[in-house]
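To keep things clear, I will list the structure first and then write my remarks on it.
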Amino acid sequence: MKLSRLADLGHHFTVAKKWSTFSKSSIVHSQAKSNYESLSQRDDPHQVCQLEDSPFYVFRASGQGLVDVVDRLLNEDESRLNGKDPKGFTCLHHAATRARIKVIDLLLSRGADINAVDNEGNTPLHLASEKSRQEVVKHLLVNGADGNIRNNKQWAAIHVATLHNNADIIKELAQFPKLVDINLGGLNGNPALHLAATFNFPEACNALLESGCKIDQTCSNGFYAIHLAAKNASSRALEQLLVEGDKLGYSHDQLLASNDREGNTPLHAAVNSGDLASVKVCLKYEARIDVKQNDKATAFHLAASQGTLSIVKAMFEQHKVKNPEDYLQILHSRDALEMTPLHRAAMFDHPQVVRYLVEEGSDVNAQDCEQRSPLLLAAVRCGVSSIRVLLSSSVNVCVKDSEHRNLLHFMVMYSGSVLTDAELDTICAKALKEKNVNLLNQKDVNGCTPLHVASKQGNLRFTESLISLGAIINVKNNEEQSPLHYAARYGRVNTVRCLLANDMGPNMINETDGGGLTALHIASTNGYTKVVQLLLHKGALLHKDFMGRTPLHLAAGGGHTQAVGLLLAFHGNLLNQRDKENNSALHYAALADKPSTCELLLSFNCAFDDNDNDRSPLDIAIENGFADVAAGMLQHDRWRELLDRQSSLYKCPLIGLIQTLPQVYKMVLDRCRQVAAMDAGSEEYFEKYDFAFMQASHENLCEWRKGQEKQTNRMLFRPLMALNTMVKYGRVELLSHPVCLQYLHVKWKSYGLMFYAMNLAVYWLFIGALTAVVVGLDPSVNGSGDHLSGNENKSRGDDDAERVVLYLEPDEKRSVITTIIMVYIAIFIVINIFKEIMQIYEQRLAYIFDPVNYTEWTLYLTSAAFAFPLFFGHLSSFQWQCATVAVFLAWFNLLLYFQRSSAIGIYVVMFLHILSTVIRVIAVFSVLFIAFGLTFHILLIYDESAGFYNPFISIIHTSLAMISGWEFRDIYVEPFQRGVLPYTFLNFFFLMLFIILMPILFVNLLIGLAVGDIEMILKDAKLKRLAMQVEYHTDLEERLPSWLLSRVDKLSVTIYPNRPYAPGFIGKMLGAMKSMGTMLNSSAHLSDASEAIESRQAAANDALFEEIGKTKKRLRDVQTQLDKQYDLLRLMVQKMEIVSEADQFDEGEERESPMTLMGSPTNGFFESANSLWRQDSAPPRRRGAPPRTPSVVR
């Protein structure tokens, strides 16, 4: 017993859990949870959960009509009145669905929401209308239900009733016009009448119209109900609308003449639906078939386009009965494109409709706006059946369109050979007999015959048919081009073979077009190697066109290497032939940026002379920035010949490469450096540097200078032209190349180091002499005991400031060494002043912008002001001040001398670069120094010991405070403790502001600017140091005699880095010194690590290029094998007499799309046929794929 009760209890627990799981409303869920908790807390095991305790039981009771139960449950919990089940139904929804009127009254009396919506937006009125509960609908409307509420699908109760074709509900809803709008729009603005017409509900249409629904109302898309009925093949609803509309005062003609936004009548819509019954309903009520829509097309045009013969017959028979006198006018009616119904039927290839219209009297020769007859339009769409039907009538086969294209033109352009040869012969014979017109040789507006078009399209079968029917193969168009020219232009090798096989073939093979081009010229231009080979085998001659170009010129200009090789294999004399502007094939290849062709022509040992514009092929590549062409030429084995030639544009090609194509010149430098193919640590390992292309010869420089008229231009032809051009254009990567560095190193060892050592020694002697003279003097006391101190002189007066003091006693004489030192100083000063004057003359304005010149002038002038009076035994305060400046500048200038040193020069350059940055920053922020200096002068003027009593001293003191800091205790702390610090707040405020802005912010800014971009500074320093070396050697070579330069210059040098300089201990010492020098030079030259990386990268690139070359060769081999297999398979197919669709078309360039060939406003009619035009022998090109290169052998 206990077990059974426990089972029942478990069952009720399960029921309660299921109710709780299915609950979605928060109220219901909370009720279920409370009931479950109360049930679980019962101590009496005999008490079980009853179904009536479920929170959803009130919905079930409402649906079952249990009024008392519903009333009791609502009394227990009033929130159940508007509670919802998982579907969103309230008690009123359940009662309305099952027509429980008493429960509805109870719920409404308690205040239930009569317009509550479920999860789908349906009110109880929606559900009652859907379930056809007429009493409930009436009861709800009586109690004020809103009939215009639309659900989630935008349907109101009237729409729901219409969708279920419930006429009684519709009439009941219509009894309450204040609550229900019978014309309310639903989805897309469709009223209920539109729904009834769409779904072919005549009863609903009748009920709606009797209830006052408007028959002339449109939806959001502009359709009337009668249009939707005709459009959706709702014939019964359509007829019902016409009948009821007549009762409402709308005549049949008025309804059938109504137009939508596109001007369609109901008959147009019925024809578009393809429903014969709907069409017959419209015709039954005398719908006019000649009414035109916006594009001026009648319903009869649409029926002919659709091709349903029954509809066409029904419409025409009805029109014939209605208009027995002028019924033929409908056959001749025109749309916006001047097309008749027969045009439409023929265009879409409906042969049965075409035959019927022709039999009924349609004009088979009517022409549209482009003068195309139905026969031409049928040919456009490959309508072979329609063509045959039209040919069986009295059609004019000689008709031409606005571009003078006849039937054969259209057939070959769009349809291919859709007719047999016998049919084509019949057409041509008919044209010749009736109109005395030869269709085979008739020309269009461009002068092209059908054979031209067939040759262009590659329609091999049609070409053969035309030739067999007697078409003239050498007729030319307006551009004097024959069908052979067209076949050669588009690569139709079989078409060319077919044309040349004719009796007229040998006579036309060398005919030229309007530009003097033969078929061989045209095939070479486009790179069709098979056509070129065929023409050469057939005896094509090598004429020049009107511009003097040979086929080789055109093939080279197109970059077709295989065609170039084929032409040169047959006729090697073409290689160096020139056009009228003296351009060779190499010129054309260079101008067209075809590097492979240039390399091929160089391999054939072509000449590279200048053309009439004084441009060589390499000049053209450099001038136009064609890096690939220039690199291809200079990678060839004849690269030295190219670079040895003088350039009219750049005088030397190297200069142009440096200016325009530095990456190509870097490749030249790479070729000038040869590394032994052995272990880098071997003693026999060597590096050979070739300097042949580092500069022009001295003789060439002199010749170029003589050729310049203006003296200013002679500066362009200075020694070391290549290096100076690198400096001018900032080519650091070229200057840092090992060849350039080694070239400068050779120059340095040859004569640079010697002259540098001599200059440095002379300058060292000057510094030593000047320093010895100044140090040897004691100007503190003169013979009379007078001081030369500035302050002393100032206290004694202005006259004493310049007192002259003898530093030698009258009876004493100078020593010889002192005299020699002073004479040396004087001579050095005079010589260098003259040197600076000469530099002003040579450099002119450039001299002004070099700050070093101002330093040297100051040095020489102050040294002269100090030294020259000493010869007379005089020493003044001014002289001593000049001596101070001179000594400082002399030693500072020694630092500038070290810039040219390869070991430490880069550090000096970096120092000067950072110095210039610091000076510029300090010059900008000097305003802050003045601001704080004056501020502290004003605040601390009372304390003379603090150093702020004078504005100038205060600014200096403030500047020094950034480095050494403040005497904070003396200036601020002690006066503050004694209470004598004035303006305490301002003093400490400006002190803190100074600490933040100057020592912290400003100093860190200087550090960031000076050191932050150290890599860029290093790069600039490297360029400046190398530029100074280049300038130094250039100046020397300008002044040295040519015989000396010819002795010291070297065209190449070979270095064995691992060999000792001498045997034994001396060799080891020299090797150690060399290693130390290499370490010092590591910042100036390329490091060993970077060289190793570059070597590895170069090796990897070489391997990659080698693999790419092998892959290309394999691809060419595969292409050759595929071509052979294709030819073999084609021969086998021909032997087996198998005819395939692809055999109709020749190989070559892909045919143009028919839509492109149309070129007419009627292209829109043909857009749906794009998929029909895939009959080319070549597969269609993928979207976004590049066009096939013509140079590939086809």
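From the backbone N, Cα and C atoms, a Cβ is placed for every residue, glycine too.
Taken from TrEMBL, the feature compositional bias 'Polar residues' covers 1159-1174.
Looking only at the domain 'Ion transport' (808-1017), the predicted model's pLDDT averages out at 79. The domain 'Ion transport' feature in TrEMBL is assigned to 808-1017.
Here TrEMBL flags 1144-1194 as region 'Disordered'.
Residues annotated as repeat 'ANK' in TrEMBL: 87-119 (among others). DSSP states for the repeat 'ANK' (87-119), grouped as helix (H, G, I), strand (E, B) and coil, give 16 helix, 0 strand, 17 coil.
Among the features that TrEMBL reports, repeat 'ANK' is placed at 120-152 (among others). Look at the repeat 'ANK' (120-152): DSSP puts its residues at 16 helix, 0 strand, 17 coil.
Through the fold, the repeat 'ANK' (188-220) approaches residues 158-159, 161-163, 165-168, 170-171, 173-174, 177, 182, 226, 228-229, 232-241, 244-245, 247-248, 250, 255, 258, 260 of its own chain, all at least 6 residues removed from its boundaries and within a Cβ separation under 8 Å. According to TrEMBL, the feature repeat 'ANK' maps to 188-220 (among others).
Listed as Cβ neighbours of the repeat 'ANK' (262-294) (distance under 8 Å, sequence separation of 6 or more from its ends, same chain) are residues 224, 226-235, 238-239, 242, 252-253, 255-256, 300, 302-303, 306, 308, 310-311, 314-316, 318-319, 322, 329-330, 333, 335. Feature annotation from TrEMBL assigns repeat 'ANK' to 262-294 (among others).
Cβ atoms under 8 Å from those of the repeat 'ANK' (337-369) belong to residues 298, 300-301, 303-305, 307, 309, 312-313, 316, 328, 330-331, 375, 377-378, 380-386, 388-390, 393-396, 399, 401, 1161-1162, 1165 of the same chain, restricted to positions at least 6 beyond its ends. As annotated by TrEMBL, repeat 'ANK' applies to 337-369 (among others).
Annotation comment: TrEMBL describes 446-478 (among others) as repeat 'ANK'.
With helix defined as DSSP H, G or I and strand as E or B, the repeat 'ANK' (479-511) counts 19 helix, 0 strand, 14 coil. Look at TrEMBL and you will find 479-511 (among others) tagged as repeat 'ANK'.
Summarising the annotation, TrEMBL assigns repeat 'ANK' to 515-540 (among others).
The repeat 'ANK' annotation in TrEMBL covers 547-580 (among others). Long-range contacts of the repeat 'ANK' (547-580) within its own chain (CB-CB distance under 8 A, at least 6 residues past either end) are made by residues 515-516, 518, 520-521, 523-529, 532-533, 536, 586, 588-589, 591-592, 594, 596-597, 600-601, 604-607, 611, 1190-1193.
TrEMBL lists 753-777 (among others) with the feature transmembrane segment.
Under the heading transmembrane segment, TrEMBL lists 816-834 (among others). Residues of the same chain lying 6 or more positions beyond the ends of the transmembrane segment (816-834) and with a Cβ under 8 Å from any Cβ of it are 762, 765-766, 769-770, 772-773, 776, 856, 860, 863-864, 867-868, 870-871.
Annotation source TrEMBL lists transmembrane segment at 854-872 (among others).
Under 8 Å from some Cβ of the transmembrane segment (878-898) lie the Cβ atoms of residues 759-760, 763-764, 766-767, 770-771, 774, 779, 788, 802, 852, 855-856, 858-859, 862-863, 865-866, 869-870, 904-905, 908, 911-912, all in the same chain and six or more residues away from its ends. Residues or ranges marked as transmembrane segment in TrEMBL: 878-898 (among others).
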For the transmembrane segment (980-1007): best-contacting stretch of 854-872, 918-942, 948-968, by Cβ pairs under 8 Å: 918-942
Three-state composition of the repeat 'ANK' (515-540), taking helix and strand from DSSP: 17 helix, 0 strand, 9 coil
Contact set, same chain, for the transmembrane segment (918-942): CB under 8 Å, 6 or more residues outside the stretch: 948-951, 954-959, 971, 982-983, 986-987, 990, 994, 997-998, 1002, 1005-1006, 1009-1010
Same-chain residues at least 6 beyond the ends of the transmembrane segment (948-968) whose Cβ lies under 8 Å from its Cβ atoms: 929-930, 932-934, 936-937, 939-941, 991, 994, 998-999, 1002-1003
Surrounding residues of the repeat 'ANK' (120-152) on its own chain - C-beta under 8 Å, 6+ positions past either end: 88, 90, 92-93, 95-97, 99, 101, 104-105, 108, 114, 158-161, 164, 166, 168-169, 172-173, 175-176, 179-181, 184, 186
Non-local residues, at least 6 beyond the ends, that sit with Cβ under 8 Å of the repeat 'ANK' (479-511): 446-447, 449, 451-452, 454-456, 458, 460, 463-464, 467, 472-473, 517-520, 522-523, 525-526, 528, 530-531, 534-535, 538-541, 543, 1146-1149, 1190, 1194
